[in-house]
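Chemist: Mind looking over this structure? Questions follow.
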Amino acid sequence: MGTQFTAIWIALLLSFPVVLSARDDGLMRIGLKKKKLDQLGRRVVPGPVNFIPKEEGGGASKPAATKKYYNLGETEADIVALKNYLDAQYYGEIAIGTPPQTFTVIFDTGSSNLWVPSSKCYFSLACYFHSKYKSSASTTYVKNGTSAAIQYGTGSISGFFSQDSVEVGDLVVKNQDFIEATKEPGVTFLASKFDGILGLGFQEISVGNAVPVWYNMVNQGLVKEKVFSFWLNRNVEGEEGGEIVFGGVDPNHYKGEHTYVPVTHKGYWQFDMGDLLIGTETTGLCAGGCKAIADSGTSLLAGPTTVITQINNAIGASGIVSEECKTVVAQYGKIILEMLVAQAQPRKVCSQISFCTFDGTQGVSMNIESVVEESSDKSSDGLHDAMCTACEMIVVWMENRLRLNDTKDQILDYVNDLCDRLPSPNGESAVECSSLSSMSSVSFEIGGKLFELSPEQYVLKVGEGVSAQCISGFTALDVPPPRGPLWILGDVFMGRYHTVFDYGNLTVGFADAA
């Protein structure tokens, strides 16, 4: 496209201290200031997420009936205000210990542990740029000492468990286990301005089986309703970055009714979703259903490379030229197409021409490390090389075009074009800021309803005027069956749709944000 794209690192960052304020409704609010993102050539990455638990969890078998939640003014729901950093990072303030030591944290529904830097962190440079917990300064500290380590999608930490009181808004959670981080290697947490992460996922993926903060809020009777909700303000110029309500929902921040779907895997807030549409056309891969996670700790929308490439093609995003993809099309494209026309089973095509060792049902390769399962427990066992992955994607693309009755030449040309649109190795793609008005909408089918994102909603704009850069809100992430195909619906989606996490009924609800 002739656009030089300098990648920007979007990692959930913090910059200024917060100011506490109270209003007449008796709720404690935490006001936060804003800071614009600079353009330092930092790399775009999803936020800290992505544990795939080994155990299959149970969930509700059907969507919950209409519920009445405690709205503001009806209950002592607790509110934590959030800061919005370029529509890509949302974070707030907590305190640990007595007297309280304050920290800024990401409220992350994609993980389940609370951690902050420790005063005993001596050899990680990141610790010197953040607030550190000092156990000797707290009268409510209880020693634990059990070692712990967490691997995130974009970084890792290690340290040991301790126990103390934790303040979230005006709630005080007693006897909370958390991790004092003594090692924060790499640049992920060095460059970030948040101190730690407060996980809001299920205990099933909690490192050390530690009881999450949210569980203790419920168990200690601090909230009347077993629900918390997110509103993420997508107006970067707005005074409010967003808010979390613990124990209720704020009717001022959504319109209409929420659509609820059952949690299908206790670990993440995971649910089943249907097809994904570009404009009005199906992308094919999720026509029979996909899995999805509502994840406040991920900035973007992460999904299968097969679909991300189709989206890139539709919106004119630029990635890298995949030689593997081009090679498969050039040498075997006609053979694959003939096999599909002859009604061959799509999932077995790539194994029948010896690109894949298995029968194709394992899907594309997996890049997520699990903190629950053993690292040697790999579903593909290294057998899924680049040629196999390219073949599998080509099969899906050809199937879609056959449904549209395209000619063979048209299909081969289309697939070659898609090869040019494959995302770069880190998953990010650039788009022309001037082309937003001509781009297609993208819609997710959830609970029988289409949730649409317009180009203005799924493209992140950095800078102003001639120096402005635009980043696609879609990034590639491949998870094979039975855990995938998987979509991670991060802040790009949750900013458009007010999200309710119903712990009592094991459902997730979405409504238009107001």
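Cβ coordinates come from backbone N, Cα and C, glycine included.
OK, TrEMBL features for this one:
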- 1-21: signal peptide (SIGNAL)
- 90-511: domain 'Peptidase A1' (DOMAIN)
- D108: active site (ACT_SITE)
- C121-C127: disulfide bond (DISULFID)
- D295: active site (ACT_SITE)
Chemist: Going by Cα-Cα distance, which of the recorded positions (C121, C127, D295) sits nearest to D108 (active site)?
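Modeler: Of the recorded positions C121, C127, D295, D295 has its Cα closest to that of D108 (active site).
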Chemist: Taking all residues of the domain 'Peptidase A1' (90-511) together, what is their mean pLDDT?
Modeler: 85
Chemist: C121 (disulfide bond) to D295 (active site): how many Å between their Cα atoms?
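Modeler: Distance between the two Cα atoms comes out at 29 Å.
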Chemist: Under 8 Å between C-beta atoms and at least six apart in sequence, can you list the same-chain neighbours of C127 (disulfide bond), or say none if there are none?
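Modeler: Set apart from C127 (disulfide bond) by at least 6 residues yet with Cβ under 8 Å, we have P117, S118, C121, A181, T182, E184.
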Chemist: Return the single residue from the active-site residues list (D108, D295) that has the minimum number of other CB atoms within 10 Å.
Modeler: D108
